[in-house]
(Lines of atoms letter the chains of each structure in order from A and count residues from 1; the text may use other names and numbers.)
(Lines give C-alpha, C1' and ligand atoms only; values in the text may rest on other atoms or scores of the structure.)
Protein backbone atom coordinates (compact mmCIF):
# COMPACT_ATOMS: atom_id res chain seq x y z
CA UNK A 1 0.00 0.00 0.00
CA UNK A 2 1.41 3.45 -1.03
CA UNK A 3 1.48 6.54 1.12
CA UNK A 4 -1.12 8.27 -1.09
CA UNK A 5 -3.48 5.33 -0.69
CA UNK A 6 -2.95 5.23 3.06
CA UNK A 7 -3.48 8.99 3.42
CA UNK A 8 -5.93 10.18 0.73
CA UNK A 9 -6.12 13.70 2.14
CA UNK A 10 -2.34 14.40 1.88
CA UNK A 11 -1.62 17.40 -0.47
CA UNK A 12 -0.09 16.66 -3.84
CA UNK A 13 3.64 17.33 -3.97
CA UNK A 14 4.71 20.13 -6.32
CA UNK A 15 7.76 20.16 -8.57
CA UNK A 16 10.64 22.56 -7.80
CA UNK A 17 9.72 22.83 -4.16
CA UNK A 18 13.32 22.67 -2.91
CA UNK A 19 14.49 25.45 -5.21
CA UNK A 20 11.63 27.69 -4.25
CA UNK A 21 12.26 26.95 -0.60
CA UNK A 22 15.96 27.94 -0.88
CA UNK A 23 15.09 31.13 -2.74
CA UNK A 24 12.51 32.08 -0.17
CA UNK A 25 15.00 31.38 2.64
CA UNK A 26 17.57 33.68 1.01
CA UNK A 27 15.05 36.47 0.59
CA UNK A 28 14.01 36.14 4.24
CA UNK A 29 17.61 36.43 5.37
CA UNK A 30 18.12 39.57 3.28
CA UNK A 31 14.90 41.07 4.64
CA UNK A 32 15.96 40.34 8.19
CA UNK A 33 19.36 42.08 7.71
CA UNK A 34 17.72 45.16 6.20
CA UNK A 35 15.17 45.41 9.01
CA UNK A 36 17.77 44.97 11.71
CA UNK A 37 20.01 47.76 10.45
CA UNK A 38 17.10 50.07 9.73
CA UNK A 39 15.72 49.82 13.25
CA UNK A 40 19.15 50.20 14.90
CA UNK A 41 19.86 53.38 12.91
CA UNK A 42 16.63 55.13 13.90
CA UNK A 43 16.52 54.11 17.61
CA UNK A 44 17.98 56.52 20.28
CA UNK A 45 18.12 56.41 24.11
CA UNK A 46 16.14 59.29 25.84
CA UNK A 47 18.10 61.61 28.19
CA UNK A 48 16.95 61.52 31.88
CA UNK A 49 16.82 64.67 34.25
CA UNK A 50 17.76 64.85 37.99
CA UNK A 51 16.72 67.51 40.66
CA UNK A 52 17.60 68.13 44.38
CA UNK A 53 15.31 69.78 47.02
CA UNK A 54 16.81 71.71 50.08
CA UNK A 55 14.93 72.59 53.30
CA UNK A 56 15.96 74.73 56.32
CA UNK A 57 16.39 72.94 59.68
CA UNK A 58 14.24 74.62 62.42
CA UNK A 59 15.63 75.70 65.85
CA UNK A 60 15.73 73.13 68.57
CA UNK A 61 13.99 75.32 71.23
CA UNK A 62 11.14 76.49 69.14
CA UNK A 63 8.10 74.21 68.89
CA UNK A 64 7.99 72.45 65.69
CA UNK A 65 5.68 74.08 63.21
CA UNK A 66 3.25 71.93 61.35
CA UNK A 67 5.00 69.89 58.79
CA UNK A 68 4.03 70.98 55.33
CA UNK A 69 2.70 68.39 52.94
CA UNK A 70 5.38 67.36 50.47
CA UNK A 71 4.74 68.44 46.96
CA UNK A 72 4.74 65.68 44.40
CA UNK A 73 7.78 65.62 42.29
CA UNK A 74 7.17 66.43 38.64
CA UNK A 75 7.41 63.44 36.41
CA UNK A 76 10.19 63.53 33.88
CA UNK A 77 9.03 64.33 30.44
CA UNK A 78 9.74 61.49 28.07
CA UNK A 79 10.31 62.56 24.57
CA UNK A 80 8.21 60.50 22.15
CA UNK A 81 10.08 58.22 19.86
CA UNK A 82 9.88 59.46 16.34
CA UNK A 83 7.98 57.17 14.00
CA UNK A 84 10.24 55.26 11.66
CA UNK A 85 10.01 56.35 8.13
CA UNK A 86 8.07 54.07 5.89
CA UNK A 87 10.19 51.51 4.30
CA UNK A 88 10.10 51.21 0.59
CA UNK A 89 10.30 47.62 -0.57
CA UNK A 90 11.72 46.61 -3.82
CA UNK A 91 9.90 44.43 -6.36
CA UNK A 92 12.13 41.52 -5.46
CA UNK A 93 11.15 41.82 -1.82
CA UNK A 94 7.48 41.98 -2.78
CA UNK A 95 7.76 38.87 -4.91
CA UNK A 96 9.58 37.16 -2.05
CA UNK A 97 6.86 38.19 0.40
CA UNK A 98 4.19 36.99 -1.95
CA UNK A 99 5.95 33.69 -2.47
CA UNK A 100 6.51 33.39 1.27
CA UNK A 101 2.85 34.21 1.99
CA UNK A 102 1.72 31.70 -0.59
CA UNK A 103 4.09 29.14 0.87
CA UNK A 104 2.81 30.00 4.33
CA UNK A 105 -0.80 29.63 3.21
CA UNK A 106 0.02 26.38 1.50
CA UNK A 107 1.82 25.19 4.62
CA UNK A 108 -1.11 26.28 6.77
CA UNK A 109 -3.56 24.58 4.39
CA UNK A 110 -1.40 21.47 4.42
CA UNK A 111 -1.18 21.70 8.19
CA UNK A 112 -4.95 22.13 8.43
CA UNK A 113 -5.49 19.24 6.05
CA UNK A 114 -3.00 17.17 8.02
CA UNK A 115 -4.67 18.18 11.24
CA UNK A 116 -8.08 17.40 9.78
CA UNK A 117 -6.76 14.11 8.46
CA UNK A 118 -5.27 13.29 11.83
CA UNK A 119 -8.46 14.38 13.56
CA UNK A 120 -10.53 12.25 11.17
CA UNK A 121 -8.11 9.38 11.67
CA UNK A 122 -8.26 9.92 15.43
CA UNK A 123 -12.06 10.00 15.39
CA UNK A 124 -12.12 6.94 13.13
CA UNK A 125 -9.71 5.19 15.49
CA UNK A 126 -11.82 6.27 18.46
CA UNK A 127 -14.95 5.07 16.66
CA UNK A 128 -13.34 1.75 15.85
CA UNK A 129 -12.00 1.51 19.41
CA UNK A 130 -15.46 2.31 20.74
CA UNK A 131 -16.96 -0.27 18.38
CA UNK A 132 -14.34 -2.79 19.48
CA UNK A 133 -14.98 -2.05 23.15
CA UNK A 134 -18.76 -2.22 22.55
CA UNK A 135 -18.29 -5.51 20.72
CA UNK A 136 -16.10 -6.76 23.57
CA UNK A 137 -18.69 -5.53 26.08
CA UNK A 138 -21.51 -7.26 24.16
CA UNK A 139 -19.42 -10.42 23.82
CA UNK A 140 -18.63 -10.30 27.52
CA UNK A 141 -22.30 -9.67 28.29
CA UNK A 142 -23.25 -12.58 26.01
CA UNK A 143 -20.70 -14.82 27.70
CA UNK A 144 -21.91 -13.63 31.12
CA UNK A 145 -25.52 -14.32 30.10
CA UNK A 146 -24.52 -17.78 28.85
CA UNK A 147 -22.61 -18.38 32.07
CA UNK A 148 -25.58 -17.26 34.16
CA UNK A 149 -27.94 -19.39 32.07
CA UNK A 150 -25.61 -22.36 32.48
CA UNK A 151 -25.43 -21.68 36.22
CA UNK A 152 -29.23 -21.43 36.37
CA UNK A 153 -29.68 -24.68 34.46
CA UNK A 154 -27.08 -26.36 36.64
CA UNK A 155 -28.83 -25.07 39.74
CA UNK A 156 -32.18 -26.31 38.37
CA UNK A 157 -30.61 -29.68 37.58
CA UNK A 158 -29.16 -29.96 41.06
CA UNK A 159 -32.45 -28.85 42.60
CA UNK A 160 -34.32 -31.41 40.48
CA UNK A 161 -31.86 -34.10 41.52
CA UNK A 162 -32.18 -33.03 45.16
CA UNK A 163 -35.98 -33.09 44.97
CA UNK A 164 -35.94 -36.47 43.22
CA UNK A 165 -33.56 -37.87 45.82
CA UNK A 166 -35.74 -36.37 48.58
CA UNK A 167 -38.85 -37.85 46.94
CA UNK A 168 -37.23 -41.28 46.73
CA UNK A 169 -36.05 -41.00 50.33
CA UNK A 170 -39.52 -39.93 51.47
CA UNK A 171 -41.09 -42.75 49.46
CA UNK A 172 -38.62 -45.21 50.96
CA UNK A 173 -39.34 -43.96 54.48
CA UNK A 174 -43.08 -44.02 53.80
CA UNK A 175 -42.87 -47.56 52.43
CA UNK A 176 -40.81 -48.63 55.43
CA UNK A 177 -43.30 -46.95 57.75
CA UNK A 178 -46.24 -48.59 55.96
CA UNK A 179 -44.48 -51.96 56.11
CA UNK A 180 -43.83 -51.44 59.80
CA UNK A 181 -47.44 -50.42 60.36
CA UNK A 182 -48.60 -53.44 58.32
CA UNK A 183 -46.44 -55.75 60.42
CA UNK A 184 -47.66 -54.13 63.61
CA UNK A 185 -51.27 -54.38 62.39
CA UNK A 186 -50.74 -58.03 61.43
CA UNK A 187 -49.14 -58.68 64.81
CA UNK A 188 -52.07 -56.98 66.56
CA UNK A 189 -54.57 -58.95 64.49
CA UNK A 190 -52.66 -62.17 65.12
CA UNK A 191 -52.54 -61.42 68.82
CA UNK A 192 -56.20 -60.43 68.85
CA UNK A 193 -57.08 -63.60 66.94
CA UNK A 194 -54.97 -65.65 69.33
CA UNK A 195 -56.55 -63.92 72.29
CA UNK A 196 -60.02 -64.36 70.78
CA UNK A 197 -59.27 -68.01 70.04
CA UNK A 198 -57.90 -68.54 73.53
CA UNK A 199 -60.93 -66.75 74.99
CA UNK A 200 -63.29 -68.75 72.78
CA UNK A 201 -61.54 -71.94 73.84
CA UNK A 202 -61.65 -70.85 77.44
CA UNK A 203 -65.30 -69.86 77.09
CA UNK A 204 -66.07 -73.11 75.29
CA UNK A 205 -64.21 -75.03 77.96
CA UNK A 206 -65.95 -73.11 80.71
CA UNK A 207 -69.29 -73.59 78.96
CA UNK A 208 -68.59 -77.27 78.45
CA UNK A 209 -67.63 -77.56 82.07
CA UNK A 210 -70.70 -75.57 83.08
CA UNK A 211 -72.90 -77.65 80.76
CA UNK A 212 -71.34 -80.84 82.06
CA UNK A 213 -71.81 -79.64 85.60
CA UNK A 214 -75.36 -78.52 84.88
CA UNK A 215 -76.05 -81.82 83.12
CA UNK A 216 -74.56 -83.75 85.98
CA UNK A 217 -76.54 -81.68 88.42
CA UNK A 218 -79.68 -82.11 86.32
CA UNK A 219 -79.09 -85.81 85.98
CA UNK A 220 -78.34 -86.08 89.68
CA UNK A 221 -81.44 -84.06 90.45
CA UNK A 222 -83.47 -86.11 87.99
CA UNK A 223 -82.14 -89.29 89.49
CA UNK A 224 -82.84 -88.02 92.97
CA UNK A 225 -86.29 -86.92 91.89
CA UNK A 226 -86.85 -90.22 90.17
CA UNK A 227 -85.65 -92.11 93.17
CA UNK A 228 -87.83 -90.04 95.45
CA UNK A 229 -90.77 -90.39 93.11
CA UNK A 230 -90.13 -94.09 92.76
CA UNK A 231 -90.23 -94.37 96.49
CA UNK A 232 -93.38 -92.30 96.60
CA UNK A 233 -94.89 -94.30 93.80
CA UNK A 234 -93.89 -97.54 95.45
CA UNK A 235 -95.49 -96.38 98.66
CA UNK A 236 -98.55 -95.15 96.77
CA UNK A 237 -98.66 -98.37 94.78
CA UNK A 238 -98.45 -100.37 97.94
CA UNK A 239 -101.17 -98.24 99.46
CA UNK A 240 -103.33 -98.63 96.36
CA UNK A 241 -102.83 -102.37 96.36
CA UNK A 242 -103.76 -102.45 99.99
CA UNK A 243 -106.77 -100.29 99.29
CA UNK A 244 -107.66 -102.41 96.30
CA UNK A 245 -107.38 -105.58 98.39
CA UNK A 246 -109.52 -104.03 101.02
CA UNK A 247 -112.10 -103.05 98.43
CA UNK A 248 -112.00 -106.46 96.87
CA UNK A 249 -112.44 -108.01 100.28
CA UNK A 250 -115.41 -105.81 100.93
CA UNK A 251 -116.85 -106.62 97.51
CA UNK A 252 -116.41 -110.30 98.12
CA UNK A 253 -118.30 -110.14 101.40
CA UNK A 254 -121.15 -108.19 99.83
CA UNK A 255 -121.49 -110.73 97.01
CA UNK A 256 -121.84 -113.57 99.44
CA UNK A 257 -124.68 -111.92 101.27
CA UNK A 258 -126.60 -110.09 98.49
CA UNK A 259 -126.43 -111.88 95.12
CA UNK A 260 -124.30 -110.95 91.98
CA UNK A 261 -124.85 -107.22 91.83
CA UNK A 262 -121.42 -106.44 93.16
CA UNK A 263 -119.73 -108.60 90.66
CA UNK A 264 -121.54 -106.91 87.87
CA UNK A 265 -120.67 -103.53 89.24
CA UNK A 266 -117.10 -104.57 89.81
CA UNK A 267 -116.75 -105.82 86.34
CA UNK A 268 -118.08 -102.54 84.91
CA UNK A 269 -115.81 -100.52 87.04
CA UNK A 270 -112.83 -102.65 86.37
CA UNK A 271 -113.31 -102.70 82.64
CA UNK A 272 -113.87 -99.00 82.38
CA UNK A 273 -114.07 -99.19 78.53
CA UNK A 274 -111.39 -98.17 76.09
CA UNK A 275 -109.73 -94.74 76.00
CA UNK A 276 -111.17 -92.05 73.73
CA UNK A 277 -109.32 -91.27 70.47
CA UNK A 278 -107.70 -88.05 71.76
CA UNK A 279 -106.76 -89.31 75.20
CA UNK A 280 -103.28 -90.52 74.20
CA UNK A 281 -102.37 -87.05 72.84
CA UNK A 282 -103.57 -85.44 76.09
CA UNK A 283 -101.36 -87.77 78.09
CA UNK A 284 -98.41 -87.13 75.69
CA UNK A 285 -98.80 -83.35 76.11
CA UNK A 286 -98.87 -83.87 79.90
CA UNK A 287 -95.73 -86.03 79.93
CA UNK A 288 -93.56 -84.31 77.28
CA UNK A 289 -92.60 -81.19 79.37
CA UNK A 290 -91.21 -83.50 82.02
CA UNK A 291 -88.82 -85.27 79.66
CA UNK A 292 -85.16 -84.36 80.42
CA UNK A 293 -82.94 -85.50 77.54
CA UNK A 294 -79.92 -83.53 76.15
CA UNK A 295 -78.23 -86.15 74.02
CA UNK A 296 -78.13 -85.89 70.21
CA UNK A 297 -79.39 -89.11 68.67
CA UNK A 298 -79.43 -90.00 64.97
CA UNK A 299 -82.85 -90.34 63.38
CA UNK A 300 -86.06 -90.17 65.39
CA UNK A 301 -86.33 -93.43 67.40
CA UNK A 302 -89.68 -94.45 68.97
CA UNK A 303 -90.19 -95.63 72.52
CA UNK A 304 -93.58 -97.31 73.40
CA UNK A 305 -94.69 -97.22 77.05
CA UNK A 306 -97.52 -99.37 78.50
CA UNK A 307 -99.40 -97.59 81.32
CA UNK A 308 -101.88 -98.88 83.93
CA UNK A 309 -104.02 -96.36 85.82
CA UNK A 310 -106.53 -96.26 88.61
CA UNK A 311 -109.97 -94.81 87.81
CA UNK A 312 -108.86 -91.46 89.30
CA UNK A 313 -105.78 -91.29 87.03
CA UNK A 314 -103.26 -92.41 89.59
CA UNK A 315 -100.35 -94.30 88.00
CA UNK A 316 -100.32 -97.96 88.92
CA UNK A 317 -97.47 -98.98 86.63
CA UNK A 318 -95.42 -97.86 83.61
CA UNK A 319 -93.20 -100.18 81.64
CA UNK A 320 -91.40 -100.10 78.30
CA UNK A 321 -93.26 -102.31 75.85
CA UNK A 322 -90.95 -101.36 72.93
CA UNK A 323 -87.45 -99.89 73.20
CA UNK A 324 -86.24 -97.08 70.94
CA UNK A 325 -82.78 -98.54 70.83
CA UNK A 326 -81.42 -95.69 72.97
CA UNK A 327 -81.49 -96.48 76.65
CA UNK A 328 -81.08 -92.82 77.57
CA UNK A 329 -84.22 -91.87 75.66
CA UNK A 330 -86.15 -94.87 77.07
CA UNK A 331 -85.25 -94.03 80.68
CA UNK A 332 -86.02 -90.32 80.13
CA UNK A 333 -89.51 -91.23 78.85
CA UNK A 334 -90.25 -93.57 81.80
CA UNK A 335 -89.09 -90.93 84.29
CA UNK A 336 -91.27 -88.29 82.59
CA UNK A 337 -94.36 -90.58 82.83
CA UNK A 338 -93.69 -91.13 86.51
CA UNK A 339 -93.23 -87.35 87.07
CA UNK A 340 -96.61 -86.73 85.41
CA UNK A 341 -98.56 -88.80 87.99
CA UNK A 342 -101.54 -88.47 88.29
CA UNK A 343 -102.44 -88.53 84.62
CA UNK A 344 -105.56 -86.76 83.33
CA UNK A 345 -108.94 -88.49 83.28
CA UNK A 346 -110.76 -89.32 80.07
CA UNK A 347 -113.90 -87.62 78.76
CA UNK A 348 -116.18 -89.86 80.87
CA UNK A 349 -114.50 -88.66 84.06
CA UNK A 350 -112.55 -91.86 84.59
CA UNK A 351 -109.08 -92.89 83.53
CA UNK A 352 -108.77 -96.02 81.38
CA UNK A 353 -107.35 -99.03 83.15
CA UNK A 354 -104.53 -99.53 80.63
CA UNK A 355 -103.24 -98.10 77.33
CA UNK A 356 -100.03 -97.57 75.41
CA UNK A 357 -98.37 -94.30 74.36
CA UNK A 358 -95.46 -93.57 71.94
CA UNK A 359 -92.66 -90.95 72.34
CA UNK A 360 -90.12 -89.68 69.78
CA UNK A 361 -87.28 -87.19 70.67
CA UNK A 362 -87.82 -84.95 67.61
CA UNK A 363 -91.63 -84.76 67.66
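Each Cβ is built from the backbone N, Cα and C atoms, and glycine gets one as well.
Automated prediction, rather than curation, is the source of TrEMBL annotations.
The range from 21-39, 40-58 that TrEMBL describes as transmembrane segment is residues 21-39. Segment annotation: TrEMBL labels region 'Disordered' over residues 339-363 (candidates 314-338, 339-363). Shown for the compositional bias 'Basic and acidic residues' (107-173): DSSP residue counts in helix, strand and coil, namely 67 helix, 0 strand, 0 coil.
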